[in-house]
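Here it is, the structure, as structure tokens.
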Amino acid sequence: MVHEIRCRLFSDLTNEVVSEDIYSTLKNNEHAQDLNWILIEAVKQEKYDILEKIVSAGIKLTNYPNLYIETAIHYVICFRHIKYREKCTSDLNTSNIDVVNLLFQIYDEANFQNQLGFTHFQAACLCGNVEMVQKFIEQGVDVNIAHAKFWAKYPLFLAICSKNEKVVEMLLKHGANPNASDNLGSTCLNRAIIQGDVKIVEILLKNKADPNILDKNGRASLHEASQGRSAEIFEMLLKERANPNIFDESGKTPLHYLLSHDSFTLEVLKRVEILLENGADANIFCKNRMSSLENWHFNFDSTLVEILILLFKHGATLFKSEEYYLSYIIDWTENEKCLELLELFLQKGANPNARDLMIGDTLLNRAISRYRYGPIRVLLDYGADPNIVDINGKTPLFRAVENGNFQLVRLLTVKGADPNKFNGICETPLHKAIVLEHLECVALLLLYGADQNVQRYDGKSSLEIALDNYNVEIIVVLLEFLLESIVDNRSETFKIILKKVIDSNLTCSRNKLLLHFVVRRQKDKIMRTLLECGVDPNAIDDDGKTALHYAVYQSDEEMIEVLVKYCNPNILDIDGYAPLHLAVDQGHIGVIEALLKNGVDPDVLDGNAELVCIQFVKMDCIPVLTMIIIRIYWN
């Protein structure tokens, strides 16, 4: 019978026009329970126009016989929005809040409580209804009333979730505990931090919320703020006496939290800097002996470089387990920040001769293989051994030569690298430079003391290797340094050394042209020694030219006078010219005179069977010819 009456009343309220009799019935206190049922049913069916009609009619649910009932407000909050014994996953949406505030106009000041202990006062806090919260407080409600099953144990937590600053301030003003914990373990401060509500965090701190209390999850406010929360809140906590070195239940500080991220953003960098500037200890270990620097190499990026620099500049100590990861820095040293970090590592005592754990490569050799000039310089400045060998027996200098990097070869030699140290197969950097035809490296190594008499694994000296490769430029450089290196009885000693090498290497036709190159480069001393050692002075190149032909091109009268004594001066090149013809053709009077004076046949025919004198006639140079003949034959 009661249910039928309620259903009829509800049906009448759905009509567009509701009779005054219906409103009069609902105003009667005897129908208070019926009114509560109608309100719940209207909410269930989302017939919110019924609520508006009841409010417009001025109907209020007062003098209810029992405050321990389930109301429409309980239904909206507890069954539609929040599940008991589960975490709150979102805030009340605006429509639900509007419905609750509409219902408060009907339920008014009665602080109803459902069977699970949730009151209208708590609902007002959750919805941010300042007016209703004020009314309940004036009635003497306990602002610290606890709810054992609801996730937000205290009204203050509900107000924090409502993000209503006035309600939060009102509760704190009337004695709400700012350091209470909810049923999920969070303190009021931590809950506000999680929500990112700067203003409420500020209100809590001003009302004596302790930022250094550990919640039931074992975290203080700075731990929570270090997990990607608001930067403004992070700074505010430090200004309000938050301890930057506080441990959580596992022994981690806020710095550990920041450095345990999967990636390092500029925001993380900023917070690390703020923590350190506010006294965070960069050397604190947590309970499992993990330092702030531990595992940094797994997330190595440009931002982390700056973070590590900050840690070192604020006193971080380098531990043995960390220095081996210098190789990561070597791989990243593309800017000044990376170089600065490398230098800080070394200043903190990192071993510049440490080896890579995986492949055993030295730092110096790793840097050389990656063409990292900056790190090489820094490592050497901090005592890296320039002669340390890698697992293949190669020194840094040997690797630099292999790369053909003249700049690195110069740096290493200046820093004391031994140019005569063998690699694993008895080969020196000089041998390798010759084989790879790195002329500049060869010259530099010789300048810094490379001994070209040291024999390679096959018993060959540097000069012999060069002759095998026939890089005449390198050969000449070797010969020049060899000549300069002899102190006593230079000419004879040089001749003895050179003759030994020449005798064993001149069987190859290309080496017979060494004299040509020496003449073309006008290396007079070497030319003389080669001739004295038995080099063939009449050897011809692909153009049929002898060394004398090239001496004529160079107009080098002194070399011509020496060569003429050893060679046949009348050999014709493929164009049919003897050296004398070339001299006449080019009008080199001094050269012509030198040739004729040293016994060159003036009657030698060119390829066209013409005499030299005919060339003079054709060139209209008879006066010159006359003068030369007079000088030679009447002198």
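Note that Cβ sites are derived from N, Cα and C of the backbone, with glycine treated the same way.
Note: TrEMBL annotation is automatic and uncurated.
For reference, TrEMBL lists these features for the protein:
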- 116-148: repeat 'ANK' (REPEAT)
- 151-183: repeat 'ANK' (REPEAT)
- 184-216: repeat 'ANK' (REPEAT)
- 217-249: repeat 'ANK' (REPEAT)
- 250-287: repeat 'ANK' (REPEAT)
- 359-391: repeat 'ANK' (REPEAT)
- 392-424: repeat 'ANK' (REPEAT)
- 428-457: repeat 'ANK' (REPEAT)
- 510-542: repeat 'ANK' (REPEAT)
- 543-565: repeat 'ANK' (REPEAT)
- 575-607: repeat 'ANK' (REPEAT)
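Where in this structure would I find these features, and how exposed are they?
Remote same-chain residues near the repeat 'ANK' (116-148) are listed as 71, 73-74, 77-78, 84, 92, 97, 100-101, 104, 107, 109-110, 154-156, 158-159, 161-164, 166-167, 170-171, 174-177, 180, 183 (criterion: CB distance under 8 Å, separation of at least six residues from the stretch ends).
Taking Cβ pairs closer than 8 Å, the repeat 'ANK' (151-183) reaches residues 82, 85-88, 91-92, 121-122, 124-130, 133-134, 137, 143-145, 189, 191-192, 195, 197, 199-200, 203-204, 207-210, 213, 215-216 in its own chain, all 6 or more past its ends.
Mapped onto DSSP classes, the repeat 'ANK' (184-216) shows 17 helix, 1 strand, 15 coil.
Note: the repeat 'ANK' (217-249) comprises 14 helix, 0 strand, 19 coil (DSSP; helix = H, G, I, strand = E, B).
Residues belonging to the repeat 'ANK' (250-287) score a mean pLDDT of 84 in the model.
DSSP labels the residues of the repeat 'ANK' (359-391) in these numbers: 16 helix, 1 strand, 16 coil.
Same-chain residues lying 6 or more positions outside the repeat 'ANK' (392-424) and placing a CB less than 8 Å from one of its CB atoms are 362, 364-365, 368-369, 371, 373, 376-377, 380, 386, 430, 432-433, 436, 438, 440-441, 444-445, 448-451, 454.
Same-chain neighbours of the repeat 'ANK' (428-457): 395, 397-398, 400-402, 404, 406, 409-410, 413-414, 419-422, 463, 465-466, 469, 471, 473-474, 477-478, 481-482, 497, counting only residues six or more beyond its ends whose CB sits under 8 Å from a CB of the stretch.
Secondary structure counts, DSSP: the repeat 'ANK' (543-565) has 17 helix, 0 strand, 6 coil.
In the repeat 'ANK' (575-607), helix, strand and coil residues by DSSP number 17 helix, 0 strand, 16 coil.
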In the same chain, which residue numbers or ranges, 6 or more beyond the ends of the repeat 'ANK' (543-565), come under 8 angstroms Cβ to Cβ?
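Cβ under 8 Å, 6 or more out: 515-516, 518-520, 522, 524, 527-528, 531, 537, 571-575, 577, 579, 582-583, 586, 588, 590-591, 594-595, 598-600.
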Is it possible to list how many residues within the repeat 'ANK' (151-183) are helical, extended or coil according to DSSP?
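Summed by class, the stretch gives 17 helix, 1 strand, 15 coil.
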